[in-house]
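Notes follow the structure.
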Amino acid sequence: MNILISNDDGIQAAGVRCLAAALAQVGGHQITVVCPDRERSATGHALTLHKPLRVDPVREGFPPEVQAWACSGTPSDCVKLGLDGLLQQPPDWVIAGINQGANLGTDVLYSGTVSAAMEGLLEGIPSLAVSLASFTHQDFQPAAQVVLMLLEKLSLKPLEKPMLLNVNVPPLGLAEIRGMVLARLAWRKYTDLYEKRVDPRGKAYYWLAGEVVEEEVDPCSDVRAVAEGYVSITPLQPDLTAYAAFESLQRWGLSAFGF
C-alpha cells in the first residue's frame, strides 16, 4: 500500500517514528511522512495562506525506505502539500499519528491530528487518526500494532466508501487491551482557565490551562471505551449539519422574511 503519514506533534515525535518503523517492518508499503517541523497540537484545520511553505528531507530516526519531510506549516498543510505537491500518485491511506495524548469526544474539533486525517478524507482518501490516550506513557508499540491490525482487517473487508476513523488506544500493553469497539464522540467539558503572568517588562501574558470537569457516562462513548481498556473507533465526517434541527427551524417560516 501507498501510505501518507502526518501528525501534529512534529517530525521529531516518537509516535510518528514508531508508526513509520512498524509499517516499514511489515514490508510491501510505500511510506511517505510529512509532518510539521515543530509542535503543532490543537491547531485544528488551520492552513497557511500568507507565507510560503518550506519542506526539508529528514533521514535521522526513520528507516531508509521511508521518505520523510519536515514542513513549516500546520498538520493540514502537511497532508495537503503531501497529496498535491510531494507524492506522485494518491496514497491508499492517510494516517495521522500516533498522537501523544487522546483525541476523544469534542476535543476532535481542536485536534491537529484529526484535522490532518480529515484533509485526507476531503481528498477522497480513507484516513485514520490514531492517538495514544496518555500524555506521559511512552510505549507506542501497542498503538502501532493496532494500526497494523486495522489495516489488515480493512484490506480484507474494504470500506464501502472513504471515511475517517478516529482511533484512540488506551495506554496498556497489547495483551492488556480488551478489544476494539465502535463508539460515539463524547461531550467533554472543561474548566477553561487562563493563567495570567507578567513578563520582566511588566506586560501581561496568558497561558491556557484547564481540566475536564464532566466525563462522559454513556457506555457507548469513546471516553468510556478507552477508560475501560478498549480501543475506541469512531467514524467521522466533515458534514457538521445538524439535520435533526431542520424540522423545528422550518417553523420559523424563513420564506416569509422576504429573501
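The backbone N, Cα and C atoms fix where each Cβ goes, and this holds for glycine too.
Just so it is clear, the model here is predicted, and its values are computed rather than measured.
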Among Asn99, Asn103, the candidate listed by Swiss-Prot alongside Asp8, Asp9, Ser41 for divalent metal cation is Asn99
Residues lining the divalent metal cation site besides Asp8, Asp9, Ser41, Asn99 (CB within 8 A of their CB center) are Asn7, Gly10, Ala13, Glu39, Arg40, Pro75, Gln100, Gly101, Ser111, Gly112, Thr113
Of the binding-site residues listed (Asp8, Asp9), the greatest number of other CB atoms within 10 A surrounds the CB of Asp8
Across all protein chains shown, the binding-site residues Ser41, Asn99 give the max Cβ-within-10 Å count at Asn99
